[in-house]
Amino acid sequence: MTIKVIEGDFKASTGKYALLVSRWNSFVVEHLKDGAIDTLRRHGISDENIEVIYAPGAFEFPLAAQKLADAKRYDAIIALGAVIRGGTPHFDYVAGECTKGLAQVSLNAGLPITFGVLTVDSIEQAIERSGTKAGNKGAEAASTALEMVSLISKI
């Protein structure tokens, strides 16, 4: 008897993708957005099937993602932002609520929401993860979205 294996691939050249993008820390987040769009295009997703939705910040992502999911127009939501630690507990609240909220929306809606939200200790770490030394986490979030759309279609 053979064990059946189900896995996603990156051949999802159809589907509609919402990029939920934070305006806060735009000097980093715009690079994440560019990396995500480039990845989607390289995998055959046309510009007509990519929509960019700007929210003020990562704390606002769960509600915006819920509204996007409720619209039932998207195969996946790619959340892109940067929460940079400062000297107060604000970072912990924003990063934690963003993460929990997006996960809850994803589970409730049965919709892939990929997490391209940087949660970093410094501006340097954010810059490294938005296209320099540590790659582009926006591109990685887009790849994950493609794979999840494919996987869900096979389950």
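Indices start at 1 and increase along the chain as displayed.
Cβ coordinates come from backbone N, Cα and C, glycine included.
In Swiss-Prot this protein carries:
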- His90: active site, proton donor (ACT_SITE)
- Trp24, Ala58, Phe59, Glu60, Ala82, Val83, Ile84, Phe115: 5-amino-6-(D-ribitylamino)uracil binding site (BINDING)
- Gly87, Thr88, Arg129: (2S)-2-hydroxy-3-oxobutyl phosphate binding site (BINDING)
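Shown on the structure are the features that Swiss-Prot records.
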residue: Trp24; record: 5-amino-6-(D-ribitylamino)uracil binding site; DSSP class: coil
residue: Ala58; record: 5-amino-6-(D-ribitylamino)uracil binding site; DSSP class: helix
residue: Ala82; record: 5-amino-6-(D-ribitylamino)uracil binding site; DSSP class: strand
residue: Gly87; record: (2S)-2-hydroxy-3-oxobutyl phosphate binding site; DSSP class: coil
residue: Phe115; record: 5-amino-6-(D-ribitylamino)uracil binding site; DSSP class: strand
residue: Arg129; record: (2S)-2-hydroxy-3-oxobutyl phosphate binding site; DSSP class: coil
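In sequence order, Asn25, Ala58, Phe91, Val94, Ala95, Cys98, Val117, Leu118, Thr119, Val120 are the residues near Val83 (5-amino-6-(D-ribitylamino)uracil binding site), counting only same-chain partners six or more apart with C-beta under 8 A. In this structure the alpha carbons, written CA, of Phe59 (5-amino-6-(D-ribitylamino)uracil binding site) and the residue listed as 'active site, proton donor' are 11 Å apart.
Neighbour counts of Cβ atoms within 10 Å were compared across the recorded positions His90, Arg129; the minimum falls on His90. In this entry, Gly87, Thr88, Arg129 make up the residues listed for (2S)-2-hydroxy-3-oxobutyl phosphate, with the farthest two CA atoms of the set 23 Å from each other. Between the CA atoms of Arg129 ((2S)-2-hydroxy-3-oxobutyl phosphate binding site) and Glu60 (5-amino-6-(D-ribitylamino)uracil binding site) there is a gap of 22 Å, rounded to the nearest whole number. Comparing Thr88 ((2S)-2-hydroxy-3-oxobutyl phosphate binding site) with Glu60 (5-amino-6-(D-ribitylamino)uracil binding site), their Cα atoms are 19 Å apart once rounded. Remark: Ala82 (5-amino-6-(D-ribitylamino)uracil binding site) has Ser22, Trp24, Asn25, Val28, Val29, Leu32, Ala58, Val117, Leu118, Val120, Ala126, Ser130 as non-local neighbours, by Cβ distance under 8 Å and separation of at least 6 in sequence. Within the same chain, residues at least 6 positions away in sequence whose Cβ sits under 8 Å from that of Ile84 (5-amino-6-(D-ribitylamino)uracil binding site) are Asn25, Phe91, Leu118, Val120, Asp121, Ser122, Ile123, Ala126.
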